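Pulled from Swiss-Prot, these are the features on record:
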| type | residues | note |
| --- | --- | --- |
| REGION | 1-28 | region 'Disordered' |
| MOD_RES | S18 | phosphoserine |
| MOD_RES | S25 | phosphoserine |
| TRANSMEM | 37-57 | transmembrane segment |
| TRANSMEM | 69-89 | transmembrane segment |
| TRANSMEM | 107-127 | transmembrane segment |
| TRANSMEM | 133-153 | transmembrane segment |
| TRANSMEM | 160-180 | transmembrane segment |
| TRANSMEM | 186-206 | transmembrane segment |
| TRANSMEM | 222-242 | transmembrane segment |
| TRANSMEM | 259-279 | transmembrane segment |
| TRANSMEM | 304-324 | transmembrane segment |
| CARBOHYD | N325 | N-linked glycosylation site |
| TRANSMEM | 383-403 | transmembrane segment |
| TRANSMEM | 416-436 | transmembrane segment |
| TRANSMEM | 441-461 | transmembrane segment |
Amino acid sequence: MVDSTEYEVASQPEVETSPLGDGASPGPEQVKLKKEISLLNGVCLIVGNMIGSGIFVSPKGVLIYSASFGLSLVIWAVGGLFSVFGALCYAELGTTIKKSGASYAYILEAFGGFLAFIRLWTSLLIIEPTSQAIIAITFANYMVQPLFPSCFAPYAASRLLAAACICLLTFINCAYVKWGTLVQDIFTYAKVLALIAVIVAGIVRLGQGASTHFENSFEGSSFAVGDIALALYSALFSYSGWDTLNYVTEEIKNPERNLPLSIGISMPIVTIIYILTNVAYYTVLDMRDILASDAVAVTFADQIFGIFNWIIPLSVALSCFGGLNASIVAASRLFFVGSREGHLPDAICMIHVERFTPVPSLLFNGIMALIYLCVEDIFQLINYYSFSYWFFVGLSIVGQLYLRWKEPDRPRPLKLSVFFPIVFCLCTIFLVAVPLYSDTINSLIGIAIALSGLPFYFLIIRVPEHKRPLYLRRIVGSATRYLQVLCMSVAAEMDLEDGGEMPKQRDPKSN
C-alpha cells in the first residue's frame, strides 16, 4: 500500500495537467525547471552573491596579516586570479555536466553517491542555513540600528526583521523565477553603484594629492608564510560565490554559451571593484582607522560623504538583501537536486505545476534558515565550515581531472588546459590546510559535523526502499502526498534534451 502510494505520486508528472502549454508542441508540457536565466541574470547572480557585506564592513582581514597597504593590494589581486582559475574550472564542469547543484552534482558524477551525500549533508546542516541566517541578521541590524542611535537595537527586533526578509524572498522565488532574477538584478545594480561611489570618491581624493598613505606602501609588510597564508585566505573568503551560477545550470538559457560567458564577465568585474574599493579606503583612511573600525565603509562615508553618510549603511543592507536572494536560489536548487538523486525525501524535488518553481525545496530551505535564526550564537557556527567548503570545492576539481582521464571522449563544449585544474587543486590543498593549522578546533568540529551524516547514509539512504521500516515509509509517503497537494506540485522530470546527461539516479541502486 505504501509503496504503491509513492509510485503514484512519482508518476503524476505524466498526467496531462499542464494548462500552460503554448501550443508549440503537440504533447503536454513537461513539468521541469524552465530555462529562464539569461546572460545578464547570470552575471547579476554571480556578482550579487560574491559582493556581500564583507567589502563594506570588514575588508581588514587581509590588512591585519599583510601589515601594509601595498602587500594587501597584491594579495587581493592574487585572490582574484585564483578565483578566476576556480571559476574557469567550474565553467568547464558546468558545460560538461549539465546538472544543477554545482559541486554536489560534479562529485556525484565523478565519485558516486557517498561523497556527494556528505557534501550535501554539510550544506544542509551548516553551510547554507547558517550563511543565510547571518546575512539576514546583518541586513536587519543595518536597517534597525538607525532607529536606536544611542543604544543597541533590541535582539528580537533584528531577528524578526531577519525572519521577515527570509520569508519575503522565499515567497518571491516561489512565485516566479523571473521575480527572483529581477530582485537579483536590481539589488546587484544597487550594491555595484554604491561601491562605484566609494571608488569615485577615493579617486577624486587621490587626484587631489591625498597619496601619502601610498608612499613606501610596502613598508612594514609581513612576508612570513603563515601571515601571507592567512591574508590570502581572508581575501579568498571575500571572493567566494563564484560558483553560484553552477547551482542553477538547468535553468540557464543556452548554458554552453551563457555559463562560461557569465563567469568570464563577472570575475573581472568583482576583482577590479574589490581592488579599487580598497584603494579608495586606503586613500582616505590610515591603517589605524581601518583596523579599529567595525564597519570600514561607514567610517569612510563619515569622512567623505558628510550628511549623505547614510548611503553606506543603506547600501550594506541592500547588498545583504541581494546576497541573501542569490543564496536562497542556489541552496534551494542544491536541495532539489539532492532529492532528485535520492539523498533527500522525494517531496523536495517537486515543482509547481503552473509556475514551474521548486516550491517544496524553497520552503525547506526557508524553514532551515528560520530555525537557525533561533540560535543565539549563530556567528560561531560560521567558523565550522571553512575546511569543508574548500575540501569539497577542491574535490570537484579533482573530479574534473578524473573525468578527463576516465572519459576522454566525453563532449566538452569548453575544455581548458589541465594547467588550470592542477594549479587550482594544489591551491585548495593549501586552503584546506590553513584552517586546520590556524583554527584546529573549529575545523575538527566541522569535520565531525560532516561525518555525522554517515549513520544516516548507511542506515537509510543506502538501504533499498522496500527494506526500510514500514513506519518510515508511511510517514514519508503521507508527507509527500500532503505536500504535493499543499504546494500544487508534482515530481520534476529530468531534462535529457542535452546530450550526455544520465537519467535520474537513485542512490540505493547505484554502485
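Any Cβ shown, glycine's included, is placed from N, Cα and C.
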Most Cβ pairs under 8 Å with the transmembrane segment (186-206), selected from 37-57, 69-89, 107-127: 37-57
Best-contacting stretch, by C-beta pairs under 8 Å, relative to the transmembrane segment (304-324) and drawn from 37-57, 107-127, 160-180: 37-57
Spatial neighbours, same chain, of the residue listed as 'N-linked glycosylation site' - Cβ under 8 Å, 6+ residues apart: G48, L169, I172, N173, G180, V183, Q184, F187
Two-stretch contact, the transmembrane segment (441-461) and the transmembrane segment (222-242), at least three Cβ pairs under 8 Å: no
Cβ-Cβ under 8 Å with the transmembrane segment (160-180): same-chain residues at least 6 beyond its ends: 34, 36-37, 132-133, 136-137, 139-140, 143-144, 251, 321, 324-325, 328-329, 332, 352, 355-357, 359, 362-363, 365-366, 369-370, 373
Selection from 107-127, 133-153, 259-279, 383-403, the stretch that has most Cβ pairs under 8 A to the transmembrane segment (222-242): 259-279
Highest-contact recorded stretch vs the transmembrane segment (37-57), from 107-127, 259-279, 383-403, 416-436, CB pairs under 8 Å: 259-279
Secondary structure of N325 (N-linked glycosylation site) (DSSP, helix/strand/coil): helix
